[in-house]
Amino acid sequence: MLRHEGNAIVRERKGPTELPNEDRKKNYKNEDTRTDAKTIAFVFLSLLLDLFAFTMILPLLPSLMDYYSREENQENSLYSTLLQAVRSFQKLTGAPDRFVSVLFGGALGSMYSFLQFLTSPIVGSLSDAYGRKPMLLICLTGIAASHALWSLAETFLIFVVARFIGGLSKANVSLCMAIVTDASTEKTRARGMALVGLAFSVAFIVGPLCGAWFAKTSDITNGPWGERPALYALFLSIANIALVAFCLPETLAKEKRAPVSFTLYKTVDFVSPWHLLNFTAVENLSHYQKKVLSKLGLIYFLYLFVYSGLEFTITFLTHHNFKYTAMQQGKMFLVIGLIMAVLQGGAARRLGTKSAEVAARVSVALTPFAFLCIALAALSNPPFLAPLIWLWTGLVLYALSTAFAVSCMTSIGANRAPGAARGAVLGTLRSLGALARAAGPLLTSSVYWYSGAAITYAIGSLILIIPTVMLFRLKT
């Protein structure tokens, strides 16, 4: 019976493109493929709108923290309580005073990622039962509410509540990946995932620049807490809701949906890291599929845990060792984003199932070399090359690896998931990534200030060899 169900899933996933009837193949090619491309284009536009709004706040965070520190200097305020905790962490690790605001922003970012860890697999599983579109609209409504609260955030408490709601609602990204997977075949799925990565790259180039422009031209504007940028972000979110509501079709047919079995035990499965790594809460998986996905989930988590921590401390290194100003760091990330956008834009037209697996392995393998170069850049007198050359060699390799690693590993996971469990699988992967991004920066920054940049990046590059070897040995 299990074998029969497994085969049935495979046949359902492959769909009409592999039926022997040439007429059905022709019809599928002429009609369904065109519709799928249109759906993926709408998903790409939805992600752009969402990520433009999301990234606008990034360059404003230091100014926002300065505003709240001036306005809420009472001993019992939420800001002063959290600031005291951050200062304790700073003293414990030996971080200089000038990085307190960065650590504060990192703590808020970890909270945001941790909330994504809690909600992504739950929302993904619900989308397998109720459809992608209703759950996506709920997430986008929550994101719009968070921007609306930000526009009213005269106090730090309201600002934190706004970020809290935004973090809980950020499962829209994994839902968009599930829609791309539904609307593509195994041969075109990697291209769709590359477009998702392209949306991130473009948004992280344009969004922060827009936010910086607001900050430069209007002194954080009307309200010192960023009222005008928040209203622009709210406008983009409302436009996104309208786009999804009126233009995006439902991609998961009712006959392919999974039954809802949402018990307390299942809820624990969704938030327990051990159960997430073993995909315990995901139903409709064969033994072989669960085995492959569990190994992929561990690789995904280990990679992002180390990678996100090292990524977070790059700004420490460039500011402390190379005296980069905020504008120079902005230009640095602009170059990185442009490299990623060009690569992902080209890959979107070329990646197939097998080439995505190759790209995942090569990109993950480049990451240890990238951070080893950055470790050499942290030395006062590195061998062979000047520190600045080692830094930019590492940053270019970092951009090359980042352009493909996550999107291609996600594509591998999507290809191993049956249609009735695709949302839960992608939500679980997204949740593991969010947990890694919540914990990785905290641990890595501790090692950074205890041991120094060179040792931190050298250790990180050695650890990254582990997921690299595991991915090369993974039989998909």
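Start at 1 and count along the chain as shown; that gives each residue its number.
From the backbone N, Cα and C atoms, a Cβ is placed for every residue, glycine too.
Summarising the annotation, TrEMBL assigns domain 'Major facilitator superfamily (MFS) profile' to 39-476. Looking at the domain 'Major facilitator superfamily (MFS) profile' (39-476) alone, the prediction's average pLDDT is 79.
According to TrEMBL, the feature region 'Disordered' maps to 1-30.
Among the features that TrEMBL reports, transmembrane segment is placed at 39-61 (among others). Remote same-chain residues near the transmembrane segment (39-61) are listed as 101, 105, 108, 136, 140, 143, 147, 150, 166, 172-173, 176, 179-180, 183-184, 192, 195-196, 198-200, 202-204, 206-208, 210-212, 214-215, 220, 226, 229, 232-234, 236-237, 239-240, 243-244, 247-249, 251, 326, 330 (criterion: CB distance under 8 Å, separation of at least six residues from the stretch ends).
Among the features that TrEMBL reports, transmembrane segment is placed at 99-118 (among others).
Per TrEMBL, transmembrane segment is recorded for 130-150 (among others).
Residues or ranges marked as transmembrane segment in TrEMBL: 156-180 (among others).
Positions annotated as transmembrane segment by TrEMBL: 192-215 (among others).
Residues or ranges marked as transmembrane segment by TrEMBL: 230-248 (among others).
The transmembrane segment annotation in TrEMBL covers 298-320 (among others). Nonlocal intrachain contacts for the transmembrane segment (298-320), taken as residues 6+ away from its ends with a CB within less than 8 angstroms of a stretch CB, comprise 96, 99, 102, 106, 277, 328-329, 332, 364, 367, 371, 374, 377-378, 391, 398, 405-406, 409, 413, 429, 432-433, 435-437, 439-445, 448, 453, 456-457, 460, 463-464, 466-467, 470-471, 474.
As annotated by TrEMBL, transmembrane segment applies to 332-351 (among others).
Residues or ranges marked as transmembrane segment by TrEMBL: 358-377 (among others).
Here the transmembrane segment (389-412) has long-range neighbours at 177, 189-190, 193-194, 196-197, 201, 296, 299-300, 303-304, 307, 311, 317-318, 322, 332, 335-336, 339-340, 343-344, 347, 351, 353, 356-357, 359-360, 362-364, 366-367, 369-374, 376-377, 382, 426, 429, 433, 471, 476, meaning same-chain residues at least 6 beyond its ends whose C-beta is under 8 angstroms from one of its own. Taken from TrEMBL, the feature transmembrane segment applies to 389-412 (among others).
Taken from TrEMBL, the feature transmembrane segment applies to 449-472 (among others).
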Long-range Cβ neighbours of the transmembrane segment (358-377) (under 8 Å; 6 or more residues past either end): 190, 299, 303, 307, 310, 314, 317, 321, 347, 351, 383, 385, 387-388, 390-391, 393-395, 397-398, 400-405, 408-409, 411-412, 453-458, 460-462, 464-465, 467-468, 471-472
When counting Cβ pairs under 8 Å to the transmembrane segment (230-248), the leader among 130-150, 156-180, 449-472: 130-150
